[in-house]
Amino acid sequence: MSGKYNESNQSISCSVCKQCGGCQYVDIPYEKELKKKSAYLKQLFEGICTVGEVHGMYRPAFYRNKVHAVVGLDKQKGIVTGTYAEGTHRLVPVDVCMIEDQKADSIIATLRELFASFKYVPYNEDTHRGFMRHILIRRGFSTKEMMVVLVTADNKFPSKNNFLKALLEKHPDITTVVQNINDYSTSMVLGKANKVLYGKGYIEDVLCGCRFRISPESFYQINPSQTEKLYKTAIRLGGITKNDVVIDAYCGIGTIGIALSSHAKKVIGVELNPQAVKDAQTNADLNHIKNIQFVNEDAGDFLVRYAEGGRADVVIMDPPRSGSTPEFLQSLLQIKPKRIVYISCNPETQVRDVRVLQKGGYKVEACEGYDMFPHTFHVETVCLLSRKAQ
Ligand SMILES: C[S@@+](CC[C@H](N)C(=O)[O-])C[C@H]1O[C@@H](n2cnc3c(N)ncnc32)[C@H](O)[C@@H]1O
């Protein structure tokens, strides 16, 4: 198994890309990939607004600060880690990945050896037997803090202290180790319960000059250097002033709302994941922000209620890949913010939603593409919509 990052044309090569399915732009100069992504966005947004060239990443390799590996058993190789081939439950062993954090990959290599020597049997999804299911590693881009989450099928952890000693001796830069207990018989990665085995149970990172706590289950953008650029553009497009009430919908751990709070009168963050909301509240305190509040609710349900008399001057929305919902969009049209900044990791659902907002009286003023996921098909976009004068 091999892979290489080619500095001269910023392409990657990878011997398992076909089986893994994670990267589609392999052995292609990065400049060409960006051109393809730009052409795709121009075509998608045709008749809606003009889109400039996609903003590429400086040194597009080893950028994923969150690395997930499935643990499995191979008859010849013994314990292997890797990813399920796209749309299947067939494990493709991956030792070297050109887009994942290299420290994380070296920890995973150590874990494979330790699982074998401590006789931690990989979990089998067909028989529902075995112990070790997944590894999740998160690394703070600025702080270099490193969290290792070991997803196990039950809550025992045989020889825990010796195992931790061996792991930390090899990787003293690991700042926390968490055991996540997942006894579901489904393919969900994380279970409900976490046990902190070492350290504080979360990491912190610094983004746009603010400090953020990130728990095992909370969403955090996977490419921090590109995220800074994306957020700065979103905040600039929002044109927020000191009198503005801002809603940060689908706010995760509160990153965007906290980063823009000094420009606004008041910010309301809305997020479905309760752990992310806890992180968001802690993050507001960490950054001494007083004019922000967080609501743990479905963004659509919240907006339906809020539309009964609530005011918002600017709404930032950053929904998951499936996009927003009719309830959310109709309530947004009822609230009538001056500007809507729509961030998306799936421009197709974004275009679908933008068309609804256009029909409801909004004009798309700008759209910019950011390459958050070099060497894959994916591209992130941020659109500014403003309310037409009536
Ligand atoms: C693409 S992430 C964006 C998070 C954040 N804006 C950021 O940049 O880190 C989408 C977020 O929406 C949350 N989410 C998913 N469905 C939701 C819903 N129906 N209502 C509110 N939040 C939701 C997810 O938990 C996730 O944190």
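Heads up, the Cβ atoms here are built off N, Cα and C, so glycines get one too.
Record features, source TrEMBL:
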type: ACT_SITE; residues: CYS345; note: active site, nucleophile
type: ACT_SITE; residues: CYS345; note: active site
type: BINDING; residues: GLN221, TYR250, GLU271, ASP318; note: S-adenosyl-L-methionine binding site
Please report the DSSP secondary structure of CYS345 (active site, nucleophile), reduced to three states. coil
One should report the C-alpha separation between TYR250 (S-adenosyl-L-methionine binding site) and CYS345 (active site, nucleophile), rounded to whole angstrom, as 13
Express the distance between the Cα positions of ASP318 (S-adenosyl-L-methionine binding site) and the residue listed as 'active site, nucleophile' as a whole number of Å. 8
Can you tell me the three-state DSSP label for TYR250 (S-adenosyl-L-methionine binding site)? coil
For the S-adenosyl-L-methionine binding site, please report the maximum Cα-Cα distance among GLN221, TYR250, GLU271, ASP318 in Å. 15
Just to be sure I understand the packing, how many Cβ atoms besides its own are within 10 Å of the Cβ of ASP318 (S-adenosyl-L-methionine binding site)? 25
Rounded to a whole number of Å, the separation of the Cα atoms of GLN221 (S-adenosyl-L-methionine binding site) and the residue listed as 'active site, nucleophile' comes to 10
GLN221 (S-adenosyl-L-methionine binding site): secondary structure state under DSSP, collapsed to three categories: coil
What are the other residues, in sequence order, whose C-beta lies within 8 angstroms of the center of the C-beta atoms of GLN221, TYR250, GLU271, ASP318 at the S-adenosyl-L-methionine site? PHE219, ASP248, ALA249, CYS251, GLY252, THR255, ILE256, PRO319, ILE343
Under DSSP, is GLU271 (S-adenosyl-L-methionine binding site) helix, strand or coil? strand
Here the Cα-Cα span from the residue listed as 'active site, nucleophile' to GLU271 (S-adenosyl-L-methionine binding site), rounded to a whole number of angstrom, reaches 17
Specify the count of other C-beta atoms within 10 Å of the C-beta of TYR250 (S-adenosyl-L-methionine binding site). 21
